[in-house]
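Here the structure comes first, spelled out in structure tokens, and everything after it is commentary.
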Amino acid sequence: MPAVFGVVSEIHGGLGVWESYLSRVLGDGDGDGDGDGDGDGYGYGYEYEYGRQSINKKLGEGTYANVYLGHLRSDPSKFVAIKKIKVQKEYTEGMAPDAIRELKHLQELSHPNIISLLSVFSSKDQNLNLVLEFLPLGDLEMLIKDTEGVRYGAADIKAWMGMMTRAVWFCHENFVLHRDIKPNNLLIAADGEVKLGDFGLARSFSDPYRIMTSNVITRWYRPPELLFGAKHYSGAVDIWSIGLVFAELVIRLPYLAGDTEVGQVNLICQAIGTPTEENWPGVSKLPEYTVPDPPNPVRGRDHYLQTFGTAGHEGVDLLMKMLILDPRKRITGKEALEHKWWAAEPKPTRKEDLPRKRDEEKTAETLKRRPGVVDDERGVKVARKLDFAGMK
């Protein structure tokens, strides 16, 4: 991983709280924190500055991080996003644990459908700077919501789903749970490639006995096992989230937009079926298991075809397998990629032909967020167009 150099009045090099940390995590040979091994505290390779607004500029500012547009010194046409993480003195390392996790997992995971961490450098103002690939086309949430300006069809959905599923499969193959898959964490590169971002809630899961928190994944995309307080879980939690992004791509509305955790469980029971010992052995033993009475039967194919028929029969079959209540029976990432839907017509749209719109501001808004923050409040005022209560 090359190091970087920020050319900004208050950012000069690597004399800050991060030298020992970067040396430990990134393997900086000289311990000065810039990654280049020469001991001077200065990296190399990229620059960004306030003075050249047409090329390099501040894209966004937040309480957690500022985001700048930068470029490769040797080739000014190659842009990068530089995420300047602010020192947070309340933490021992000076940085929130979720930001440390983001750095760790992005360093370890290299895949065409995962946002690339190009480099890291520390600065004299004691801030840490992540150099990420620049993804100028916003995210899937932006495309889904723009019903007037962006039109897309089944072939486009299949292309996006393929990219997303490959990213999650790769994470799971490397024993990493993402734990926050949702449309605004699926960023879009200049060539149309979808990239999974925000690894602030990610966790390694190589130890099956490790206790993990259930308070992860934004509520609308949270699977029932987490809503019921499970402390041991698998990659099935990410598959459920993918299924709900799939559903949202088709109907262009969040499919299960509960206002509270209880409301989310109720929506799952109404739209998918009530988790019971019959369809999910052992579920009643989960610490927070509570479901409305009387129970609803598990929905069949005809129910899904009524709402998601534009995905085709094979697409509906894949969706149903992603939304199986019992996580042990839910389809895996590998199995999902082997599903017959991918071979069925229409074929996936080529990435360069996918619908798009340029949105640097949206990209900056996504990057400057503190990673790992579960956003559960945005659904309170969403207009609901799906009347689950009326389903029989």
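Indices start at 1 and increase along the chain as displayed.
Each Cβ is built from the backbone N, Cα and C atoms, and glycine gets one as well.
What TrEMBL says about this one:
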DOMAIN    53-342  domain 'Protein kinase'
BINDING   L59, G60, E61, G62, T63, Y64, A65, N66, V67, K83, K84  ATP binding site
ACT_SITE  D180  active site, proton acceptor
REGION    345-373  region 'Disordered'
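For the pair D180 (active site, proton acceptor) and E61 (ATP binding site), the C-alpha distance works out to 22 angstrom.
Mean model confidence of the domain 'Protein kinase' (53-342) amounts to 91 (pLDDT, 0 to 100 scale). Reduced to three states, the DSSP call for D180 (active site, proton acceptor) is coil. Each of the recorded positions E61, D180 was scored by how many other Cβ atoms lie within 10 Å of its Cβ, and the smallest score goes to E61. When other Cβ atoms within 10 Å of the Cβ of L59 (ATP binding site) are tallied across all protein chains shown, the result is 23. Ranking the binding-site residues A65, V67 by how many other Cβ atoms lie within 10 angstroms of each Cβ puts A65 at the bottom.
Within 10 Å of the C-beta of K84 (ATP binding site) there are 21 other C-beta atoms, taking all protein chains into account.
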